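Per TrEMBL, the feature GTP binding site maps to Thr171, Lys172, Thr173, Asp174, Gly218, His219, Ser220, Gly221, Val222, Gly223, Lys224, Ser225, Thr226. The Zn(2+) binding site annotation in TrEMBL covers Cys300, Cys304, His306, Cys313. Residues annotated as compositional bias 'Acidic residues' in TrEMBL: 1-17. Residues annotated as domain 'CP-type G' in TrEMBL: 122-276. According to TrEMBL, the feature domain 'EngC GTPase' maps to 131-274. Residues annotated as region 'Disordered' in TrEMBL: 1-42.
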Amino acid sequence: MSWLPPDEDDDALDAWDDSAYRARPNPKANRPRTKRRPEHADAAIGRVITVDRGRYGVLVDEDGDHEREITCTRARELRKAAIVTGDEVDVVGDTSGDEGTLARIVRIRPRRTLLRRSADDTDAVERVVVANAEQLLIVVAAANPEPRARLVDRYLVAAYDAGIRPMLVVTKTDLADPAPFLANFDGLDLPVFTSAKGEAPIAELVEVLRDRGTVAVGHSGVGKSTLVNELVPGAGRATGVVNAVTGRGRHTSSSTVSLRLPDGGWIIDTPGVRSFGLGHVDPDNVIRGFSDLAEVAEECPRGCTHLADAPDCALDDAVEDGRLTPERVDSMRRLLGTLRPGVSRAE
Ligand SMILES: Nc1nc2c(ncn2[C@@H]2O[C@H](COP(=O)(O)OP(=O)(O)OP(=O)(O)O)[C@@H](O)[C@H]2O)c(=O)[nH]1
Ligand SMILES: [Zn+2]
């Protein structure tokens, strides 16, 4: 994991690091660093709930008598390891959380799941989005902005790759009938919720979100923050106005934040993105995100690429006999085409 968020300026962080003085020539300071460093056995455990330019908001003693949010910096020994919202971390130093105090994250605990994306499909460098989430709430609008099945396909691939259970919410059903769009996902074991202005399915969502960590993703302007604000009264997630011409939202929520649900569990709101690169995903794993196709592909010859030019690909037979729609197969093939270098795309 070599990715460092672009807003994390290493030099600025060093100013807070107690080992920064090592940069000055000082013969007496030449002892190995490890000897000077305590093992941090007394470290407190916390959950990262906000990340903002090298500062981490960490909740310690969660659900305990002394639960508090403290502000942390990162220890130099973590080097460039990305610390993301949802990470469980060990913190040392002043963990009182008092005004003006700054503790230090010294370790990232093993992650149970990891949602990742890449800048684009040809870029194998992954960007860690969120750690330890159990569910992915994919939010799309029935209109304004127009829903894109391919973006949802991408989220699904990322979810399976991360070991996270996906769910779909279609908002703005007061503006358009979501049925034609939803037909794309008929063959999937994908829980679907619909939401209209003033009629969000809050009670249903509260049930599926309860006591779990859920990360909400979606294109800018789909109404994700509106939904999060209803789920977490007082969350104050900024909501924006969608440009009537472009259908795009202004970038209103710009950071990834964990919010505690009143009935238990966490919802992690992420900034709206237009694309979700999968350059880090092994092409062989892509089909797992298309579970309706994966089932059929079991009948494929060994080593089948499932691409349009693959001989005897079972996906073609399934389209012919109506078990699969051409759109579904095409959607996966396009995605595979962008991930497999050198393979021509049927665009
Ligand atoms: N008609 C209609 N409008 C909605 C609905 N949900 C949200 N909106 C509007 O859509 C616009 C965008 O909503 P936001 O909640 O800011 O969208 P977002 O997905 O959080 O956008 P970013 O913060 O840019 O990521 C706002 O003007 C909302 O009032 C809905 O169900 N129906
Ligand atoms: Zn095949």
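Glycine is treated like the rest: Cβ placed from N, Cα and C.
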Of the binding-site residues listed as Cys300, Cys304, His306, Cys313, the one whose CA lies nearest the CA of Gly218 (GTP binding site):
His306
Taking the mean position of the Cβ atoms of Cys300, Cys304, His306, Cys313 as the Zn(2+) site, which residues outside that list, in the same chain, have a Cβ no more than 8 Å away, listed in sequence order?
Ala297, Pro301, Thr305, Leu307, Ala310, Asp312, Ala314, Leu315
Quick check on the domain 'EngC GTPase' (131-274): DSSP residue counts for helix, strand, coil, in that order please.
37 helix, 36 strand, 71 coil
Model confidence over the domain 'CP-type G' (122-276) (mean pLDDT, whole number):
87
Extent of the GTP binding site in Å [max Cα distance among Thr171, Lys172, Thr173, Asp174, Gly218, His219, Ser220, Gly221, Val222, Gly223, Lys224, Ser225, Thr226]:
18
Of all the binding-site residues here, Val222, Cys304, Cys313, which one's CB has the most other CB atoms within 10 A?
Val222
Do any residues at least six apart in sequence from His306 (Zn(2+) binding site), in the same chain, have a Cβ closer than 8 Å to its Cβ, and if so which, in order?
Ile287, Leu293, Ala297, Cys300, Cys313, Leu315, Met332, Arg333, Leu336
Cys304 (Zn(2+) binding site) versus Thr173 (GTP binding site) - Cα distance in angstrom:
40
Given the binding-site residues Thr171, Thr173, Ser220, Thr226, which one is most crowded in terms of C-beta atoms within 10 angstroms?
Thr171
How many other Cβ atoms sit within 10 Å of the Cβ of Gly218 (GTP binding site)?
27
Just how many other Cβ atoms lie inside 10 Å of the Cβ on Cys300 (Zn(2+) binding site)?
19
Output: those binding-site residues from Thr171, Val222, Lys224, Thr226, Cys300, Cys313 whose CB lies less than 6 Å from an atom of ligand 1, in sequence order; none if no residue fits.
Thr171, Val222, Lys224, Thr226
Other than its own, how many Cβ atoms are within 10 Å of the Cβ belonging to Lys224 (GTP binding site)?
29
Between the Cα atoms of Val222 (GTP binding site) and Cys304 (Zn(2+) binding site), what distance do you get, rounded to the nearest Å?
37
Under a threshold of 6 Å between Cβ and any atom of ligand 2, which of the binding-site residues Gly218, Lys224, Cys300 are retained?
Cys300
